[in-house]
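Undergrad: Below you will find the structure I want to go over with you.
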């Protein structure tokens, strides 16, 4: 039995990146042998085991043979005579097919190290096209490693486009599409993921709402997305939710010069695409809530300086800022990202600090003092609202 470190851990180690998860490959063994050593079997379709002490994953070397459509139609062979090379060739990219033994020796039968040095994402073999999920994975890797200068090899890009035009992507479940998309949203350059899918004509099958917007709107959405990533850098927030809401707002975007006249038109467009987009991708509830808030209220936030105090408190109540201040901040970030994309001559977004300041002032009103003053039942809420409006009004008067 021989054990090798494989996959992303070896790749990231060679790129001098932090290694998050370590996956191990076991060659020349059987399920019974690993079970006798105390490993816990967790794999259903093929044997994957959890180490009794480190709790890291160990998989038996295997081969895969296509037996149907989509990404689940495979027959696996994990007999002990499967070699290291047999297992590595079934992987998606050469840079993910490098192994390392216990002594640190590297095994690179498919020239992954050369592609790492050349910053290329290249598929290993024609079997790449047997698994349509790899199209999304490669697009995600393109986004993940873009800041390091990586690009997709032309022949791999061509194969990805072939899979797309043949309709193979339609076999992917919404859950798997969202999983890869969410991972892409967490990268430093998520716009590369969507630009890659556009380039290979994959968007109509995966995200038709994004595929049907104009070229101008798509470019605008990608600019806003880059802005969002920049704004939340080093921040403790739900990055994938912020990025998704930013893209959503890009889809329903109406040119600011026509915003007033087309407001109703935009609202109708949003109502039409909202359930379709969220259902198509199985978007988590939090992401959906943030996106809907951004779509419904971004114009109010852009025009924050013109809002009356009672309107601001009413909006704060609708946004539930009192219980969900983090979501409020993320909503402002989404709007700031779009404002910067719209107004290139005004990169700052004073509305964000303005509304945060009003929120912080309104939060100084203590409901306990209102109760102590003798207010009861509905009177408490009415007085709380009155005092919050008054507090906000004082801050507003300090602004020109």
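Using N, Cα and C of the backbone, Cβ positions are placed for all residues, glycine too.
Here the structure is a predicted model, which means the values were calculated and not measured.
What Swiss-Prot records for 8, 11, 91, 137, 140 is ATP binding site, and it gives sequence analysis as the kind of evidence. Sequence annotations record features per position, and here Swiss-Prot assigns CTP binding site to 8, 11, 91, 137, 140 based on sequence analysis. The Mg(2+) binding site annotation in Swiss-Prot covers 21, 23, and the record cites sequence analysis as its basis. Marked as domain 'HD' by Swiss-Prot on the basis of sequence analysis: 217-322.
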Undergrad: Starting from the Cβ centroid of 8, 11, 91, 137, 140, which together make up the recorded ATP site, report each further residue of the same chain whose Cβ lies within 8 Å of that point, ordered by sequence.
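TA: Near the ATP site, beyond 8, 11, 91, 137, 140, sit 7, 92, 93, 95, 96, 141.
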Undergrad: To which of the binding-site residues 21, 23 does the lowest count of other Cβ atoms within 10 Å belong?
TA: 21
Undergrad: Checking the binding-site residues 8, 91, 140, which are within 10 Å of residue 23 (Mg(2+) binding site) at the Cα level?
TA: 8
Undergrad: Which one, from the binding-site residues 137, 140, has the smallest tally of other C-beta atoms lying within 10 Å of its C-beta?
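TA: Among the binding-site residues 137, 140, the lowest count of other Cβ atoms within 10 Å belongs to 137.
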Undergrad: In whole Å, how far is residue 21 (Mg(2+) binding site) from residue 91 (ATP binding site) when you measure between their Cα atoms?
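TA: Cα-Cα distance, residue 91 (ATP binding site) to residue 21 (Mg(2+) binding site): 17 Å.
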Undergrad: Could you round the CA separation between residue 140 (ATP binding site) and residue 21 (Mg(2+) binding site) to a whole angstrom and send it over?
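TA: It is 17 Å, counting Cα to Cα.
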Undergrad: How many whole Å apart are the CA atoms of residue 137 (ATP binding site) and residue 21 (Mg(2+) binding site)?
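TA: Roughly 17 Å, rounded to the nearest whole number.
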Undergrad: Between the Cα atoms of residue 8 (ATP binding site) and residue 21 (Mg(2+) binding site), find the distance and write it as a whole number of Å.
TA: 8
Undergrad: Restricting to the same chain and to sequence separations of six or more, state which residues have a Cβ under 8 Å from that of residue 11 (ATP binding site).
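TA: Result: 95, 96, 98, 112, 116.
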Undergrad: Please identify which of 8, 91 has the densest Cβ environment, defined as other Cβ atoms within 10 Å, among these binding-site residues.
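TA: Its Cβ has the most other Cβ atoms within 10 Å: 91.
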Undergrad: DSSP secondary structure for residue 23 (Mg(2+) binding site), reduced to helix/strand/coil, please.
TA: strand
Undergrad: Mind looking up the mean pLDDT for the domain 'HD' (217-322) in the predicted model?
TA: 84
Undergrad: Under a three-state reduction of DSSP output, how is residue 8 (ATP binding site) classified: helix, strand, or coil?
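TA: In the DSSP reduction, residue 8 (ATP binding site) maps to helix.
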